[in-house]
Amino acid sequence: MLEQVMVLAIILSFLITVILSPLFIPFLRRLKFGQSIREEGPKSHQKKTGTPTMGGIMILLSIVVTTLLMTRKFATLSVETYLLLFVTIGYGLLGFLDDFIKVVMKRNLGLTSRQKLIGQLMIAIVFYFVYQRSGFSTALHIPGTDLSINLGFGYVLLLIFMLVGGSNAVNLTDGLDGLLAGTAAIAFGAYAVLAWNQGQYDIAIFCVSVVGAVLGFLVFNAHPAKVFMGDTGSLALGGAIATVAILTKLEILLVIIGGVFVIETLSVIIQVISFKTTGKRVFRMSPLHHHYELIGWSEWRVVVTFWAVGLLFAMLGIYIEVWI
């Protein structure tokens, strides 16, 4: 029965997004919610100016509806389910505010870095206080072993870092048509397998709901994209994947399963440090996906390559936890 529920959850969330998109995209166009493309980006991206953004609203709606329907009917609406939805919606609303300022108020930078960080920290802190009341453990599991390290208060700092850092890392990856939708589907698919293996079926249902939602979105977001998810989608997905890693106690594995997000973030950090210390850039442009565009790769080639790398990372993560 539960196997059927997982399949139903993917199908339902996929269909919700696919059915909503043809209705919602023209609505975004009428409101003139078009994406602004930064001038310092690859020149090939200038033609994307005006493409409807804030499509992450459809992803969020699909995830929430599917998760609530499926967990209420076939599993339990646990504290973990509510925490997952809280963080996903919370970071989604923060992203929506950022998108709204960029698109509607015509302030290209959106929220300032400080404003965004304060919002991310507030959501992370609320998550911590609710989570710790449910009797959470401060032990950090070592993947592939029966060992764990009790971090004490250090775990609280790790938890907050994961939520803030995870949302930003995933946000950085959302720079090419279909790139984030595909890599997110792979990462959440891997965590669905691991949550199922632990018997945490409510978390597994949430994960497959995300998979279905982003795959449905990919139908319209693949190159050439008809809609972008915006920060509404990318921040929500980043917060969600970090929360899943925390609730399954597979925090370290996020570095592997979310390897593409980690690499993208490291490319930005390396680029900034190199330029500030030596005046030279390591990459043509960061995040890394733009570097490959500027050395001559087509956008589709970059995206498919990153999907493949993400799939390898996901399989490695599952192998380490399940079979070692």
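Every residue gets a Cβ built from N, Cα and C, even glycine.
Pulled from Swiss-Prot, these are the features on record:
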{"type": "TRANSMEM", "residues": "5-25", "note": "transmembrane segment"}
{"type": "TRANSMEM", "residues": "50-70", "note": "transmembrane segment"}
{"type": "TRANSMEM", "residues": "77-97", "note": "transmembrane segment"}
{"type": "TRANSMEM", "residues": "117-137", "note": "transmembrane segment"}
{"type": "TRANSMEM", "residues": "147-167", "note": "transmembrane segment"}
{"type": "TRANSMEM", "residues": "176-196", "note": "transmembrane segment"}
{"type": "TRANSMEM", "residues": "203-223", "note": "transmembrane segment"}
{"type": "TRANSMEM", "residues": "227-247", "note": "transmembrane segment"}
{"type": "TRANSMEM", "residues": "250-270", "note": "transmembrane segment"}
{"type": "TRANSMEM", "residues": "304-324", "note": "transmembrane segment"}
Under an 8 Å Cβ to Cβ limit, what residues of the same chain, 6 or more beyond the ends of the transmembrane segment (203-223), are close to it?
5-6, 9-18, 21, 25, 55, 58-59, 62-63, 66-67, 70-71, 74-75, 80-81, 84-85, 176-178, 181-182, 184-185, 188-189, 191-193, 195-196, 229, 233, 237, 240, 244, 247-248, 299-300, 303
Please indicate, using numbers and ranges, the residues of the same chain that are 6 or more beyond the transmembrane segment (176-196) and have a C-beta under 8 Å from a C-beta there.
6, 170, 203-204, 207-208, 210-211, 214-215, 217-218, 221-225, 229, 233-234, 237, 240-241, 244-245, 248, 250, 253, 257-258, 260-261, 289, 293, 299-300, 302-303, 306-307, 310-311, 314-315, 317-318, 321-322
Answer key: the stretch among 117-137, 147-167, 227-247, 250-270, 304-324 with most Cβ pairs under 8 A to the transmembrane segment (77-97) is 227-247
Out of 117-137, 147-167, 227-247, 250-270, 304-324, what stretch is closest in contact terms to the transmembrane segment (5-25), meaning most Cβ pairs under 8 angstroms?
227-247
Can you tell me which parts of the same chain pack against the transmembrane segment (117-137), counting only residues 6+ beyond its ends and a CB-CB cutoff under 8 A?
79, 83, 86-87, 90-91, 94, 97, 111, 156, 159-160, 163-164, 167-168, 235, 239, 243, 246, 249
Let me spell it out: take the transmembrane segment (227-247), skip the flanking residues so only those 6+ beyond its ends count, and list any with a Cβ under 8 Å from a Cβ in it.
21, 24-25, 28, 35, 51-57, 59-60, 63, 80, 83-84, 87-92, 94-96, 98-99, 103, 110, 120, 123, 127, 131, 159, 162-163, 165-171, 173-174, 180-181, 184, 187-188, 191, 195, 200, 203, 206-207, 210, 214, 217, 220-221, 253-254, 257-258, 261
